[in-house]
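K.L.:
Structure in structure tokens, see below.
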Amino acid sequence: MGGLAMKKSKKSKVSKKSVWVRWKRYWVKLYVAWVVLWGVMAAIGYGVMTERAAEERKEVLGSMCDERARMLQDQFSVSVNHVHAFAILVSTFHHNRSPSALDQETFADYAARTSFERPLLSGVAYARRVVHSEREQFERQQGWTIRSMKERDPAPIEKEYAPVIFSQDTVSYLESLDMMSGKEDRANIERARETGKAVLTNPFRLLESNHLGVILTFPVYHYDIPADASVEERIEAIDGYLGGAFDVESLVENLLRQLADNQDIEVNVYDVTNTGFPLIMYGPQHPNGDLSLSHVSMLDFGDPFRRHHMECRYHQRPPILWWNICSAVGVFVICVLIGYISYAAIDHIIKVEEDYNQMEELKVKAEAADIAKSQFLATVSHEIRTPMNGVLGMLDMLLDTGLDSTQKDYARTAQVCGKTLISLINEVLDRAKIEAGKLELEAVPFDIRSIVDDVLSLFSSKSRAKCIELAGFVSDKVPKFLVGDPRRFRQIITNLVGNSVKFTEQGHIFVQVHLADHAKAVMAARTEAWSKGKLDQVEVRPGVSVFNTLSGVEAADERNSWESFKLLLADQESSVDASKNWATPDTTSSHVTLMVSVEDTGIGIPMHAQDRVFTPFMQADSSTSRTHGGTGIGLSISKCLVELMNGQINFISRPNIGSTFTFTANFKECDEDDLSDLNKPLSEAMGGNLKGLKVVVVDGRQVRAAVTKYHLQRLGIAVEILSNIKTVHDAGSAQNGCRSGRMSKHPYVMLIEKDLWSSETEVNNTDRLSEWTLKNRKSGFLKMILLVASESDKSKCEAFFDSVIMKPLRASTVAACLQQVLGMGNRRQLEKEMLNGSAFLHGLLFGKNMLVVDDNKVNRRVAAGALQKYGANVECVESGKDALFLLQMPHKFDACFMDIQMPEMDGFEATRKIRLMESSVNEQIRNRGTGEAEWHIPILAMTADVIQATHEECLKCGMDGYVSKPFDVEQLYKAVARFFENKPISDS
């Protein structure tokens, strides 16, 4: 079908391409017609565009000219206003004050300091009105003679004069010059005083700059006169004249320099008071540029007697010829490009269609490859797990037979190797699922404290063999039950603890779980104090330095010492009943962020390898002679799982000191409704009758003592911590005295750490205590339990104590030991309960009828042996058809374990048919209305597939759950606990 579809696709592409090929013969004719059409359009458009361009050019010229005229007029008006203000200043401080408050020095200084307000004026000067009768007295007062402006000689006799008495330094040469010595100047001054307004002179060459300019003259009166005053009144009130020299050329140059397009047009400014003979004020005498087009803008400089205008023209003519050529060439190029673009578009369409078809084929292949990969993972998982299920199952059954010690050692070694192989397979498959984006997290209630206990139990034998401290601690602030993926959370901690056990030869491994916000706040405060050197985690003893850590050995993270741990415990110690804190979830927030740290005192990570710690298949030592094995994939998977939980993982490592891995993970709090369906964990199914008991913990290491106290408080036990052997004797004596006065419910129980008991510094105290111990143990008053980390320590000290607890500590282990010592339970029964939940499974499965359906003979034997081990009656069949026959209603079976992959009829189909049979029978029961119980047999898939899709398919077809091959006690318990009630078992 795929090949036929590809052939049809190719034919379709060929037919489409042939259509475009047939049109190629018309392209030349179409092209010529196209060129002619656009030639005519270009000719018509040329005329329209030329006319429009000329009009636009004219409008632009007018706009630019009007803009320049307006700016020039505005700047001139501002300068006129400043001169007017200067005139008012002179009138106020010179004429209206007696004596005058103004002299030449003051005038010049003020004019210089305010010159920035008059950038267009080259200078200002004040000329006083002097009549001829006052000339002699005036000249005597001033100390100079009035001179004419042209010859600079003494001014001839006139009726009145206007000599300059005050001047700006830039025009100081005007001092004593008569401003009325010229005919035109006299007329302008007389016009100014008669009108009371500013007047302008004709343009002339300024003395200093030789630029064209004008003089602006303002009349200055003795007193304020009304606006409608007569000419005679104004002449009578006149006192002097304030003049300012405007450099018109500089004014216009500065204006044009401010404009970006000042090079495009040419500007001329004229005085057209005499229309027949206009006077040029700015610009060339003989205009050039484009004389065919000009624009005139009128100017109003405030003098109604004079008229000015600005004339503008372009420097260059418009490039009309070039525009026509560009238009014609542009039309031609456009026509050619359109033809080429059409061809390119057709060719591109064909290529896109081919690429699209190719991508469709690649997509189909990629989807097929993805399906093949999933099938491969499922097949590999099934094919490897199926024989491994037989191997591990048979080994487990073999260990239950009468083997000697050597044979048991061989069998256990083979079992450990098999579990290691299964673990490796799981890691590789997990990595593949993560890369494919198909790993999904569950959201189910779980007990985090049980998970920590279970993980530590996995490595208990290795830690005891190495004689290292292995401990776990979960803060009381952490809710007891959370909602999340317990299997993946356990996997992360298992990977981290497994690495620590592998690389640690002495010291300790410490797992801590806290609320992230609380832990971060405490660590931040500790870090600040530590950075200031205020803390010291080393306890100095005679001859040795001991660190305040779990084992007394230095750890990588110096902040993670007893001081920090004490702060984290501070809030918990204030609680009256610590067990209540963690028994009930905190409902203040629906989300809980945990911070988990795994601290070890191993070999650490070399500096060159720390950047690659989370790289898949990376090892710090990858040589063939390396000491430690492993695939190097565990940390990579852990990092991916932490990120799926919306957390982060990091570490602190110091070579030859150790490493501390810390990660955060987000969970939800467990609702009360969910708690009712949550099974009681195996690790804490005992210890209810220990509440109220008081226990003394003797330990000189504060962190370790706090961990022991944590496990005891989980059982509701009151704990007192003593730091040395001497205080034990004193406390015991005091307790004995109290006991003699009244009866006590429980004897005096002590938990003593082995290293404190055997310390050389405590020899004398130990001898003295031994005598006291023997005396009280005989009376039954004192019960002493030793805490040890290795088998050798247990054998050495076992005779001196009522019992010995092997580390790592678990709540169930401690409870069983205390019950044994206090005589609260049968020893044999307690030993049963400590075998990883075997007694609970026995109570669940005893006497139950089980059906095992599997086509593999070995798997049937393994499953039957595992179920019969716990008292179940098992019947096995090898196909789904046989299962259908046996499960015809009514039948005797309480549950069915169904394999998935079987010949003739697989587990999915068999389950669906069983559910159909049950549905039909239940319908008949409901119709009869007899009240009979409806039929529903729990069907659990025995699957070697670890693919999420397989699990979903199991539930979809009607199965009630699944058990992965090879299955262990814990998952078997979790699978069947939902369907059966636990019954007590006899001691026999």
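For all residues, glycine too, the Cβ spot is worked out from N, Cα and C.
Automatic, uncurated: that is what TrEMBL annotation is.
Okay, so TrEMBL annotates it like this:
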DOMAIN    98-311  domain 'CHASE'
DOMAIN    379-669  domain 'Histidine kinase'
DOMAIN    694-822  domain 'Response regulatory'
DOMAIN    849-980  domain 'Response regulatory'
MOD_RES   D899  4-aspartylphosphate
TRANSMEM  26-48  transmembrane segment
TRANSMEM  320-343  transmembrane segment
K.L.:
Checking distant contacts: for the transmembrane segment (320-343), what same-chain residues at least six beyond its ends satisfy Cβ-Cβ under 8 A?
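P.N.:
For the transmembrane segment (320-343), the list is 27, 31, 34-35, 38-39, 41-42, 45-46, 49-50, 53.
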K.L.:
Are there residues of the same chain, six or more positions away from D899 (4-aspartylphosphate), whose CB falls under 8 angstroms from its CB, and which are they?
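P.N.:
Sequence-distant Cβ neighbours: V853, D854, D855, N856, N859, G907, A941, M942, T943.
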K.L.:
Can you count helix, strand and coil residues in the domain 'Response regulatory' (849-980) using DSSP?
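P.N.:
Tallied per class, the domain 'Response regulatory' (849-980) gives 58 helix, 24 strand, 50 coil.
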K.L.:
In the predicted model, what is the mean pLDDT computed over the domain 'Histidine kinase' (379-669)?
P.N.:
78
